[in-house]
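Novice: Below is a structure I'd like to ask you about.
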Amino acid sequence: WGHPCEMCPAQPHPCRRGFIPNIRTGACQDVDECQAIPGICQGGNCINTVGSFECKCPAGHKFNEVTQKCDDIDECSTIPGICDGGECSNTVSSYFCKCPPGFYTAPDGLKCIDVRPGFCFSTLSNGRCGNQLPQPLSKMQCCCDSGRCWASAPATAPEMCPIRSTDEYRKLCTVAAMLPARPDLPPVRPDIIPRPDVIPPPIIPGVYPPPHPEIIYPSRVPPPHPILPVNLTDYCQTFRHLCRNGRCIPTPGSYRCECNKGYQLHGREECIDIDECERNPCIGGDCVNTQGSYVCQCRVGYQSTATRTECR
């Protein structure tokens, strides 16, 4: 107390840390730190526990032990190789990639996809690439389908495609799996004649969709992949299924989700129900979690409020 500081007289403290004596009975009772400490868990969800508390931070945030708040993670400086081929911009709880000409942003906004057309070769023999295909293909279209070599220009030496099941192959060819099915996008060109055993990706002038990463036999052909325009501007308009249980907000070259009341962001595009029962809101009753809310089933001697969120 005072300045300069003077020690308070010694006093017996009957309760351990996180507990305080009850004024009337003197018995030790739990301190609700979420109520008692202003600004605790700022940016996150504070949950009181017996003798302590815990902070649940939303996706893209981490708990700061010093300030006791949820800090945004700067993915651009923490994730190695992020936005390969483009420029990373940090956003609250996420990030997005600004991609140069010849690339487009992946549907989730988190990587740049090389769509520059080049030359595809379907054979490789004794280290020599042969059988150049007539149509221009991106490296992904060529190597993830049946191509063996790819060259970015006529004068440049062809490079070998990555071998299937290697990390390099997976990195190049997993984008196709990320693309959501879209029934309202342009249909596949009917004038491409497939080889009898392989269904090639559709070829649309000026747009280079990634092909399916594996060879597909006609008996189990999936619906054709969507054709994405190169300059995708409003993800919320193009992909209506984003941000379930929330609102989709477009950002430059990407989007973010704002969750409805009673939901919190999980990952990037899904709002999941908050389990309000974890903080035991129903004193004098049993809590039942519901989608976006909860109800209290009150015990004998207690009455439920109109909103059914409290027992009195």
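Using the three backbone atoms N, Cα and C, a Cβ is placed for every residue, glycine included.
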Novice: If you check TrEMBL, which of Cys259, Cys271, Cys287 bonds to Cys277 via a disulphide?
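Specialist: Disulfide partner per TrEMBL record: Cys287.
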Novice: Comparing the disulfide-bonded residues Cys277, Cys287, which residue's C-beta has the most other C-beta atoms within 10 angstroms in this structure?
Specialist: Cys287
Novice: In the same chain, who gets a Cβ under 8 Å from the domain 'EGF-like' (30-71) while lying at least 6 residues past its ends?
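Specialist: Same-chain contacts beyond the flanks: 16-20, 92-94, 264-268, 274, 278-279.
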Novice: May I have the DSSP-based helix, strand and coil counts for the residues of the domain 'EGF-like' (273-310)?
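Specialist: Secondary-structure breakdown of the domain 'EGF-like' (273-310): 4 helix, 14 strand, 20 coil.
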